[in-house]
Amino acid sequence: MSKVIGYIDYGDPDGNEEPSKQNGEYIDYSNENGYNAYHSVNGGYDKDNNNHHHHNQEEDYDYDNNTHVNYLTTKHSQFQLSRGRLYQGHQSSHIIYPHQSYKLSNSGESMNRSINQSKEEDHLENSLHDDEYLYGYEDHHDDQASSISQESSQGLDETDFDNIDKYFESNQHLLLQTLQNNNNNNSNSNSNSNSNSNNNNNNNNNNNNNNNNNNNTKNNITDENQLEIHLNDLSIDSDNSNNKINKQYVNSDNSNNNNSNNSNNNNIGSNINSNCNIENEKNSNNTDDNNNNNNIENVNKINIEDNNNNNNNNNNNNNNNNNNNNNNNNNNNNNNNKIEVISNKPIQLFSDYDPPILTTSTSTSQSKIKTQQPFLFFSSNYLNSSSTELDLSEQELNEFPIFDEKEIVQGYKIIDLSFNNIKSIPLDAFTNISNLEQLIMFNNNLSDVPSSIEFLKHLTILDLSHNNLHEICRELGNLSFLRELYLSNNSLKKFPTTGNLYNLKKLILDNNQITTIPIECVEPLIQLQTLDLSFNKIGTITSSTTTTTTTTTTNNNNNNGGGGSIYQKMKNLKQLNLSHNELQEIPSSLRHLSKLHSLSIDYNQISVLPDKVVASLSRLAKLTISNNKIKQLPFAINNLSSLIELNASNNVIELLPDSICYLSNLKKLNLNNNNLKELPSNIGFLTKLVDLQLYNNQISSLPISFLKCRSIREIGTDGNPLPSYYHLGIKAIRYHIKNPDCDLDDLNSISPTIDSSTIEQQQQPIQLFGGGNYIDSSNNNGNESFCNSGELSPLTDSLECIEMPPPMQISENLRKPLNVNSPSYPFQKLDPIPQSLYSSSNPRSHTESDIQKLKNNDETITTTNSSISTTSSPPSLLFGVSINGNGIISTTTTTTTTTTTTNGKTLSRQSSFQQIPQQFNLSTSTTNITKLPRIKYTWEIDFDEIQFFNLIGQGGFSKVYHGVWRSKDVAIKQIELQNNKSLDDFRREVGILSKLKPHENLLAYYGACKHANYCYIITEYLPRGSLHDLLHREQLMKLDFKQKVSFAICVALGCYHLSTYEPPIYHTDLKTKNLLVTNALKIKIADFGLASFAKKSLTTIINNNNNTNNTATSSTTTSSANGANSISNNNNNGTTSVDQSRLAYAFYAAPEILNSKHFSEKSDVFSFGTILWELVTNKIPFDGMDPYEVKELLKSGKRLEIPENCNEVLKNIIQDCWNQQSEDRPTFLSIYHRLENLMKSITKKRRF
């Protein structure tokens, strides 16, 4: 019987228009000049010459069996089909699909519709409803053929399928005989221009055009024999007595003899009740005796179609074409029976039993058969096109499909079995697919590869990645045509035997357990261009292993030297990646790689770049040496004349050689996180430099030659002792370099912000430049009584260091107003104000007398007040002091004239200023000042606008409610103010939240407020809850592997975004309860109660409740020398430790936090590893264990057990995140890239 060989995926024809739907019909616009523009696997239709052609005829023909190979033309469709199954029969293959029809080609010939010659005769009447019906064509017959009665019918049942099966079984020898006979036919057919014969659409309407027939002759395919069975609307009655043919007709030859069978009703099997037409044509060159045979000797075409096309012209021209038929039938084809089984009911096939095979008994006819082109044609499927690919991916197959008949599958060049569950391959699986060129089987569960793979002599691409292979058979090395071999993400411990793989150009072996590379395995790879050995366990690459390699990747191999002299033989190497290998030094043999274009040796332990190596790499365009221990770049770096990009970040470089300035093609230079104190004086020679990154160094000034770097567009200077406004960009930097005195009169468009919280930390006087500065005190923690008590505090010494540098221009100062939240500032210790402050161009400046009053600290002066208006402020109290805003407009204006004599010339200068509308007392006494009006912060929300709903979460110090604010669903976090520390924690959390920029993986923050003895933080509301709930509540949805990887990517992206702030933000409380799930199944990071800025005075909290997502008390942190932050709780002994009562966070915390040491981004990375473990296992970390015990386990290096069946990529990431030393852990950016590559391998199929 037949065998199921898999599910089918198919699509649109390449190069043809998709069918369009008009008025309920599907129109085929590819049919031109009577031909359907389908292209076969190796052939197609040539519109210009009206002929068919074969591309690679040698590959189409089987010279041993004298037959043409078979092709299944399936492509992807825009229709969503389901449960379709491909069956393997005896001589013919056929497809049973519930929603769609297919075509099978036994010849590889172009699949033209064999019924109609003209486009106007070829139409489709039945529409495709809801993607559930088969559709096709019916022949248009003339009056002699009689009309076909259309009767309502019913679909096939199981008995009918058995009858169809029996028919093919009983006639398989006839099908084979026909195929062989047709292959021996060599004919030239001429068609009369007035003829409407439809002999398989191979005869041209033009008498002079024989191209089509000539091509058929070349391919040994005649164009006559045809048996058509229309089954799309097949109706079968279970009552055997009623299963009869309702209509027959016979067209005879020139003798005009009508067969008596026209009037008879013939049974087809015992189960068919349909309208059938049997057309028999008589050939004058054959005797009538040949027609007394009940067997059909030549059956070349089976057409399962709809009943919508009428074969109006087929019978009119029988006599006209008998001569043609005689000329074409040189192989004694005796009978042609054209059987049409037509009804109206669509076939609905959802069965799981053996395929339907038509059973029929055909009456003998006293006529001869005309031949048609030999191929099996299963309904007119617009979406089929010539394809060499069989796509059986994502079908949940557990076994490798068996292809029994070589003729059926020999034409396939590509078989895709990816994303199934195939565990093994039978030894004889490749016997009948020896012509296969590409076998794609990634993402299965294969444990081995059979030795019979050597039968695939023509294989060029083999993808067995993401399986469970432990070893590769030696026979694979006999695939001499193999060009690409993918074996990544397996469990290979040995390098595969390469044998005769002389044409191999790409070998991918990443994410395995390979420890050594034997020379004999690499020597045959003379054409190798790409070798990926990343994420293996190679200790030392054996010398002299490879030659003529273009790309080599050996990431994470712990090579400890990188293979020594092997690079000496890799003279054609263009790209070399040795990153993540813990290399102690660069092999000197790298100097032989004179053709190298890209070299990556980042994330190692290299301290020196050898001059000899660098000097020899003159063609190098990209050099990445970041995250090493390099102290100095070699002087020979100027030999890298082709260098475009240099990344030397995260080293300990203290000095750049002057020779670096001669890299004339350099465009990107990254020197972040080093110990540089200055740049070379000739840095301006880098005229093509576009991007310069200098973050976190010790550079105090830029050389004047920097102005020559006119191509530069991006520059990063944060974390250096440079003027604070350098972050404004290249314009401000260039201006400052040109004008050391920094007269910013021309920089009115720049509006730097002075954070008043930093004023107390200044060790040197700050300079207040004019031109639109304003003071931002939103983060200020000092002088809070000004904002809260309603009274001015006594003047302090906190601002005694403020200086106003001469000269200072403060013209045009309406750009930014004074922030009303700023505290009061004392002026009694201000140095004398320079005369240059008197500005003639400043209409809002003070008069000389007013300034003198300020200098002498008189009790009453007049000054501008840009913070308030005259109508909103109390008439007799000070609301704020502005020294640069001058935003209020006085009702009166005073004009003064100043006369100056210079070089004997008298110059007159006129100045205008606005007078102060009110006076205030600047003495230290506050007795006359009443309570100030309440100041509202920019982040503050009106409590009355909040509407509370139900409680959705509760912790030790806070509760979370669902509510509404300004018509938005929001989450409201309520924090009880138990003491001043609680208020400090609240202000710090709000300060961080207000700095966050919108990001898809961070919970949106709306604002906060204080009411009574509570503080409230308003954020986005996500009704799905936390990832913890999604993982551990049984009633919720079950997450598949792909979704879990997607969650991990979201968390990594969100954390990476936090690390990009300057200074970086550390969450320090990453856990699944603080990861909220959106309706689109994305993750957003929430709860910044423990979050901290790096390199600032920070507070952090160790939560004492494992069930809370909220804020607790905190411990103060201070900056450490290396930029990480140390948790400091001083106990009675003066030592630093973590509050031992708050250890719930220990379940996710990094060891350095538990050891009371510094924390950094890498601390969050450790927590991310635990989250990833929780995603993989669906278990709660350290569930039921005592926090103290967990703490000791983590500090001692013990970790949670990773399941054996865990994906290798995720396993490696988890292990890397759990490294005991924080510097050994990856960054979130590298984690994201690794996860993204894993996601691509899951969701995106490789197309070659």
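Every residue, even glycine, has its Cβ placed from backbone N, Cα and C.
Among the ranges 536-565, 1106-1135, the one that Swiss-Prot lists as region 'Disordered' is 1106-1135. Among the residue ranges 100-125, 880-905, the one that Swiss-Prot annotates as region 'Disordered' is 100-125. Using a 10 Å radius centred on the Cβ of V960 (ATP binding site) and all shown protein chains, the other Cβ atoms total 22. A sphere of 10 angstroms centred on the C-beta of I952 (ATP binding site) encloses 15 other C-beta atoms. Considering other CB atoms within 10 Å as the measure, the emptiest surroundings among the binding-site residues Q954, S958 are those of Q954. For the repeat 'LRR 2' (411-432), DSSP puts the residue distribution at 0 helix, 3 strand, 19 coil. Helix, strand and coil residue tallies for the repeat 'LRR 10' (619-641), in that order: 5 helix, 4 strand, 14 coil [DSSP]. In three-state terms derived from DSSP, I952 (ATP binding site) belongs to an extended strand segment.
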